Every structure is written in C-alpha cells, then in structure tokens.
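Enquirer: So that we are looking at the same thing, I have put the structure below in structure tokens.
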Amino acid sequence: MNTFPLFFKLEDRKVLIVGGGDVALRKADLLSRAGACITVLAPSINHEIQALLSSSKHELIYEHYNKTYMTNSRVIIAATDDERLNHQIHADATALNIPVNVVDTPHLCDFIFPAIVDRNPIVIGISSNGKAPVLARLLRARLETLIPQGYGKLAKLAGEFRGDVKAKIPTLTGRRQFWERAFEGKVSQLMFAGNENEALAQLQADLDNTAASITAKDATDDNGLSTASTSAPAIANEFTAARNTMGEVYIVGAGPGDPELLTFKALRLMQQADIVYYDALVSPQVLDLCRRDADKVFVGKKRRNHAVAQLGINELLVNSAKEGRRVVRLKGGDPFIFGRGGEEIESLRAHNIPYQVVPGITAANAAASYAGIPLTHRDHSQSVRFVTGFLKAGAPNNNFKNFLDTDETVVFYMGLHSLPRLTEGLIDAGRSAETPIAIVSNASMPNQQVLTGTLASIVELQEKNQLPTPALLIMGDVVSLHHDLAWYNLHNQQHNQNTSETDNNWLRGGTATTPKSNAQFNAHQQAHALSMITNLATEDGDLEQLIIG
C-alpha cells in the first residue's frame with residue numbers, strides 16, 4: 001500500500017482552493033458536500049463556482065495567489081493551469097505543514113481524491129494512487145450498481161439504535177449477531193423497499209425480542225474485564241425465530257431479454273432470492289444473474305402449452321413465502337403489462353403475504369427503441385395503444401374499430417400467429433391497406449429481426465421470411481421512420497446497391513423490408529440472410545389492452 005486511506009472531518013473547517021475554473025469547480029463540489037468552509041482564490045472565478053458557493057460560509061477572493069491566504073487552512077488544493085504556480089503553492093503549503101493536493105500531479109500531492117461511492121454515512125473511496133484515475137472511476141461505477149441507496153438510511157437507523165443495542169445486549173458477540181440479522185433480514189428489506197417507518201418498528205421489535213431471550217451472566221477475567229456472555233441456546237433460538245418468519249415475494253420485470261436493461265433494484269432482489277419462478281420469455285442471460293444457489297423453477301407459458309397454470313403459480317408463490325423464503329417471480333417485460341402480475345399480487349394479498357413489484361422495460365418499448373421506431377412523434381403519432389391479440393380464455397381480440405385513428409400507434413402483443421386475421425380485420429374495419437406495420441422479433445437481443453411492410457403486404461412478407469416468436473407488431477405512420485432511424489446491429493448489415501431490382505423483399509442487418517431501388521439483395525444474399533432465422537418458442541397471453549397518451 002503506497003498510501004493509507006483516511007477520512008478527513010472537514011465540516012466547518014477551512015479549505016483553500018487556488019484556481020477558479022472547471023477543475024476547481026469539481027473539487028469545490030466534492031468538498032462542499034463534506035460541509036467544508038471553502039475559500040476560492042483566483043483573479044477570475046467562473047459562474048458555476050459562484051452559484052455553488054453562494055452561502056455565507058464560503059468565501060470568493062478575486063485576487064492573484066498569495067501564501068498569506070493559507071492561514072488556518074485545513075487542506076489546500078492547487079487547481080490552476082500554471083505549472084510554476086502549482087509548484088509554488090506546493091512548496092508554501094509544505095513549509096506550513098498543511099496537506100496539499102496539486103490536481104493531476106501525483107508526485108506533488110500529500111493526499112489524493114479517491115473515486116467516491118456516497119451512501120452517507122456509508123462512504124467508499126477507491127484510489128489508484130494517481131496511476132489510473134479513469135480505472136478508479138470505472139470501479140466506482142461498478143460499485144454504484146451493486147450498492148443500493150438504502151444502505152445509507154440503514155446505517156443512519158443503526159446509529160440511532162446503537163446505544164440501546166449496547167445497553168440491552170451485553171456481549172460483543174451477541175451485538176454482532178443481532179446486527180448481522182438486521183442487516184441481512186427483514187429490517188434491510190423494508191428499508192430498501194422505502195418503508196422506513198416499518199423498518200424502524202421491525203428493528204425495535206427485533207431488539208426487544210432479543211433482549212427478552214438473552215440470559216446474561218456476569219464474569220470477570222484476570223484483568224477485571226467483563227466477559228458476560230449470551231447463552232448458546234438463546235442465540236440459537238433467535239436464529240431459528242429469524243429463519244421462521246414470513247418470507248416475501250418480489251414480482252420482478254426482467255425486461256425484453258438484454259440483461260443490461262434490468263433495473264438496479266431488479267438485480268439486487270434477484271441476487272438475494274432463495275427461489276426463482278421464471279417465465280418462458282426470461283432470457284438465459286437474465287436468469288444467469290440470479291443468485292447462484294437459488295432454486296430456479298420454470299413456470300412459463302407457451303401458446304397452447306402452459307407448464308404451470310396461473311392458479312398453480314399463485315399457489316407456489318404463497319407456499320414458498322409461508323416457508324420463510326425470499327421469492328422472486330421473474331417475468332419477461334413488465335409485470336403489469338400483459339404479464340398477469342396483478343393476478344399474482346391479488347393472491348398474495350389474500351394470504352397476507354408481503355410483496356414488492358419491480359417494473360421492467362416492456363416489449364413494446366424495447367422493440368420500438370431497438371428498431372428505430374418511435375412510438376410517439378409530433379409529426380406522426382400523438383398517442384400509443386398496447387393491445388393483446390387474444391383475450392381471456394384464448395378468444396381472439398376482434399375490436400378492430402378501436403384501432404382506426406391514424407394519429408395513434410398501435411402495438412399488438414401476441415399477434416404474430418393471428419397476423420392474417422388482424423390485418424384483414426383492420427382493413428375491413430376501415431384502416432387503409434397502405435398503413436405501415438412492422439414485426440419485431442427477439443427485441444433487444446443479438447438475433448433481433450425487423451420486418452416492415454403494409455397491412456396489405458405484411459402477411460406475404462412474413463410467410464416468406466418466417467420471423468420467429470417472441471415478436472410483436474407495431475402499426476402506424478411511425479413505422480415509416482424505421483428505415484432512417486434503425487441503429488441496432490447495423491454492423492451486421494449486408495447492403496448491395498449494384499444488384500438489379502427484384503420483386504422480392506430483402507433482409508438487411510436483421511431487418512427485412514420491402515425493396516428499395518437503391519438497396520437490393522440479390523437472390524444469393526437473400527437466401528443466405530434468411531437462413532440465419534431460427535424458430536423460437538412462442539408466447540401467449542390473455543389480457544385486453546392498455547391505452548397511453
């Protein structure tokens with residue numbers, strides 16, 4: 001270790017920053033969060049620093065450097081672009097025995113600003129000793145995703161109880177075990193879920209129960225130190241009580257398949273689960289992020305093939321929670337958009353099972369974004385409607401007259417297998433046969449494919465290209481923007497402007513579309529591209545529709 005990590009108490013202590021530019025601003029921002037009284041010394045000080053340090057506790061001095069301003073400083077920061085001046089500041093601070101940091105000059109620094117993960121009062125500093133600050137920032141970014149914001153509130157709560165815990169639990173071992181149970185159990189779960197009052201009440205109840213179960217006996221060692229100990233049976237009983245409490249169910253949206261689209265909260269709950277019940281639309285990459293030793297149970301539904309009926313899934317969730325387990329119900333997309341999450345929490349509520357719901361990116365959002373098809377656009381669409389192709393008990397959704405607004409985008413979930421019925425019904429109801437429509441298959445995944453056409457042509461195009469499920473349909477004028485706005489997997493494009501025009505559609509960069517005079521595939525290229533398409537599992541659903549806009 002070339003440097004020793006220390007945490008300075010700078011609240012209401014003077015810190016001198018020499019320099020008034022962007023570098024000084026970054027340091028002032030960090031130091032102000034620690035409560036320091038900051039003096040900025042520079043002939044010119046930018047407006048951002050002026051706004052940041054507008055409080056009367058800070059001081060802005062519009063003067064050239066003079067070492068007399070170092071008086072009473074706790075630390076000094078040299079943040080100028082004048083190398084000679086920075087050396088002088090270092091020499092003056094060293095002579096006064098005041099720690100100094102010369103920005104971006106490690107050999108002139110008595111201390112280094114680490115990359116900081118702030119969960120006040122929990123603070124983590126990461127330093128490369130000035131060797132690779134970018135790497136330190138990357139490590140910090142990784143830690144930011146792993147450490148919930150609730151840890152700060154949890155630490156503050158522990159601080160409030162520290163005295164009571166010490167008074168009621170006489171041994172160090174007993175206190176350590178108490179805090180381990182609190183930080184790994186119900187108290188932390190409540191805090192992370194944002195239920196601060198319930199977390200406080202739970203911690204108080206845990207402390208009272210622990211104190212009541214402790215049998216303490218005083219003893220004194222040869223040095224006269226107290227060695228009162230908690231009996232082993234009492235500690236064992238506490239652990240048993242903690243393990244036998246009611247579990248909790250987390251209804252988690254797994255998103256469209258790309259694991260990078262998971263929320264931080266989803267990832268945290270997945271990694272603390274005892275058992276995971278997952279759907280067919282949960283990608284292997286997402287499932288792999290669950291806790292390694294958690295039980296993983298497939299309860300997915302495919303078209304005309306339900307591994308476990310919904311009532312059976314509800315029962316599994318209830319029973320697992322009653323066993324005291326932390327249960328993750330992992331659902332593709334978002335639990336509340338054609339995901340039957342509402343039915344599951346109704347069942348949990350009926351059995352008084354605690355639960356949380358974590359939203360996910362629904363397939364419509366992912367498919368539109370990754371296909372370059374904005375669901376709304378000021379020039380094309382002022383609202384968006386999410387519709388299922390099938391209603392409850394598998395009945396087809398034939399409410400075509402609801403989908404005739406040309407200023408609205410309509411997204412059909414679970415509509416690929418009924419594509420001929422949908423397109424014919426829409427045209428018969430009065431929708432123009434030239435209305436643009438797209439099929440997006442495996443949205444957000446490396447094998448994503450997009451097929452564009454019109455209501456009149458899309459069935460024939462799909463018969464030729466056979467895009468696999470899972471897939472959804474996007475209908476509306478916004479689909480016409482796909483050709484210009486598509487961005488995903490462009491490195492896989494096979495684009496040939498020299499081939500002769502044909503009547504066939506063509507596949508480009510995972511995108512099959514109607515032919516353009518300036519971009520055609522020849523027959524060999526088309527056959528090669530289409531051979532890359534594989535049939536995946538289909539999907540099913542039985543809710544009606546959601547209108548947004």
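Glycine too: its Cβ is placed from the backbone N, Cα and C atoms.
Sharing the record's features from Swiss-Prot:
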REGION    1-203  region 'Precorrin-2 dehydrogenase /sirohydrochlorin ferrochelatase'
BINDING   ASP22, VAL23, PRO43, SER44  NAD(+) binding site
MOD_RES   SER128  phosphoserine
BINDING   PRO256, GLY332, GLY333, ASP334, ILE337, THR362, ALA363, MET414, ALA443  S-adenosyl-L-methionine binding site
ACT_SITE  ASP279  active site, proton acceptor
ACT_SITE  LYS301  active site, proton donor
Enquirer: Could you measure between GLY333 (S-adenosyl-L-methionine binding site) and PRO43 (NAD(+) binding site) for me? Cα positions, answer in whole angstrom.
Expert: 56
Enquirer: Tell me the Cβ contacts of ASP22 (NAD(+) binding site) under 8 Å, same chain only and six or more apart in sequence, or just say none.
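Expert: Residues satisfying the criterion: ASN46, GLU48.
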Enquirer: In whole Å, note down how far the CA of SER128 (phosphoserine) lies from the CA of PRO256 (S-adenosyl-L-methionine binding site).
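Expert: It is 37 Å, counting Cα to Cα.
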Enquirer: Starting from the Cβ centroid of PRO256, GLY332, GLY333, ASP334, ILE337, THR362, ALA363, MET414, ALA443, which together make up the recorded S-adenosyl-L-methionine site, report each further residue of the same chain whose Cβ lies within 8 Å of that point, ordered by sequence.
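Expert: In sequence order, the nearby non-listed residues are GLY255, LEU281, PHE338, GLY339, GLY360, ILE361, ALA364, ASN365, ALA366, TYR413, LEU472.
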Enquirer: Select the most exposed residue of PRO43, PRO256, GLY333, where exposure means the fewest other Cβ atoms within 10 Å, treating these as the binding-site residues.
Expert: PRO43
Enquirer: Quick one: of VAL23, PRO43, SER44, SER128, ASP279, ALA363, which recorded positions lie within 10 angstroms of LYS301 (active site, proton donor), measuring between C-alpha atoms? Sequence order, please.
Expert: ASP279
Enquirer: An 8 Å radius from the center of the ASP22, VAL23, PRO43, SER44 Cβ atoms defines the neighbourhood of the NAD(+) site; name the other residues of that chain inside it, in order.
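Expert: Neighbours within 8 Å of the Cβ centroid, excluding ASP22, VAL23, PRO43, SER44: GLY19, GLY20, GLY21, ALA24, ALA42, ILE45, ASN46, ILE49, ALA79, THR80, ASP81.
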Enquirer: Per DSSP, ASP22 (NAD(+) binding site) is which: helix, strand or coil?
Expert: helix
Enquirer: Tell me the Cβ neighbour count for the residue listed as 'active site, proton acceptor', meaning other Cβ atoms within 10 Å of its Cβ, over all protein chains shown.
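Expert: Summing over all protein chains shown, the residue listed as 'active site, proton acceptor' has 22 other Cβ atoms within 10 Å.
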